[in-house]
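*Asks:* Quick paste of what TrEMBL says about this protein:
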| type | residues | note |
| --- | --- | --- |
| DOMAIN | 12-394 | domain 'Major facilitator superfamily (MFS) profile' |
| TRANSMEM | 49-66 | transmembrane segment |
| TRANSMEM | 78-96 | transmembrane segment |
| TRANSMEM | 108-127 | transmembrane segment |
| TRANSMEM | 139-160 | transmembrane segment |
| TRANSMEM | 166-183 | transmembrane segment |
| TRANSMEM | 204-223 | transmembrane segment |
| TRANSMEM | 229-247 | transmembrane segment |
| TRANSMEM | 267-292 | transmembrane segment |
| TRANSMEM | 298-319 | transmembrane segment |
Amino acid sequence: MLDTVARPRRCLVLLVCVAPLMANADAGLVVLALPEIQRDLSMSLTTAHWVINVYAVLVGGLQMLGGRLSDRYGARRLLLGSLMAFAVTSTMRALAPSAWVLLPARAGQAAAAVAMLVPVAMGLLLTMTPRQAQRRNGLALWAACGGIGSVAGVLAGGLAATYLSWRWAFLLNVPLALGAFVANRRLKPGEKRCAGNSAVGVPGALLLAGTMLALVYALVSVAGQRSGTSAWALLAVAVVLGGLFLATEARSRDPLIPSALLRSRFLVVGALGILFVAAATGPVVFVGSMYLRDVHGYSAWTAGCALLPVVGGVVVVVVGRWSSRLLGRYGPRLSCLVGCGLTGSGLRGDWCEQGSARRWICGGVGRPKTYDRGLNSPPGSPCSRSNTCPWPRN
């Protein structure tokens, strides 16, 4: 997969691709271990959902700030700090005696670790693969590592919750983060930073994160059957914060989201494709794990094994390699269409059928949904990155 990448850079590309592995593994293991976490820490259902919600909101709201900080202060420094923060917050979650410790640790991991780690690692990957062929292969490896992380997360979360303790699941990423921290010190300092004295964009990033937080909290309030007045008030807050974000971006000399990017057809199509696929497939793992455990009585380990076809991570390694070749020959449009088509046909199936775990696992190999991720991930990334990336032109 890295045949077109220079040999001295291969190990660095592999180390950088540890970021999606750790992020996806952490997301998967939390979903599988959530019922045990809720029971041991005496959480309500709404509070337990915020273990996942606060992570998604802060990661989504602060990733653009992470990319800007990387450009301004240097990717290597921010990468090493993010890896150390990941290890520290994972340890805090494993030792958390109550929800009041677990939720801040989870929020700290999302804000200080993952929201910074993923965009910084992606930026380093793109700078280390300047040619288009190299970039396609590097992004295919990125997708493969993310798929492996998804598999590791659901398996480790189910195994720990069933046979050990959910606390051991949080310790999975600690040796990975520390090992990547030590290994990534081989990265040479002196990366190029943005010229000039442009603002970092903290107000815009905080307003965006606040908008998402208010919106998600409103939806959770409705799901928790709280007062409809509070939900409408939160929606109004989200609208106000969103308007302030747009006004701040319009007045900024160096906005968080440059208008030139929004005029790029490749960026818009790629971003929308990633959004729709993630929105369609993301809830399947969470709802599926709850369904299998609460309705069918599966253990966490059995539910994790049953969800492997939905995650489809192992196949990403093989299909992603073929997808990078398809991308190079036919372009991103066909690859994205094929991947999205497989996603839709797979979700159309009656995957919530009655049956044993063996039927789930064996039947999943034949589902189109099992192979969609290997096709969606590499094409979706070049659609939104390869054709708009400022390296090495600017």
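Just so you know, glycine gets a Cβ as well, placed from its N, Cα and C.
Bear in mind that TrEMBL entries carry predicted annotations, made automatically and left uncurated.
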*Asks:* Under 8 Å, at least 3 Cβ pairs, sequence separation 6 or more: does that hold for the transmembrane segment (78-96) versus the transmembrane segment (204-223)?
*Replies:* no
*Asks:* Could you check whether the transmembrane segment (166-183) packs against the transmembrane segment (204-223) - three or more CB pairs closer than 8 Å, residues at least 6 apart in sequence?
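*Replies:* Counting Cβ pairs under 8 Å, fewer than 3, so no.
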*Asks:* Taking residues 6+ outside the transmembrane segment (49-66), which of them lie with a CB under 8 Å of any CB in it?
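*Replies:* Contacts with the transmembrane segment (49-66): 27, 30-31, 34, 37, 43, 78, 102-103, 106-107, 109-111, 114-120, 200-202, 205, 208-213, 216-217, 220, 223, 256-257, 286.
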*Asks:* So what's the average pLDDT for the domain 'Major facilitator superfamily (MFS) profile' (12-394)?
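*Replies:* Averaged over the domain 'Major facilitator superfamily (MFS) profile' (12-394), per-residue pLDDT gives 72.
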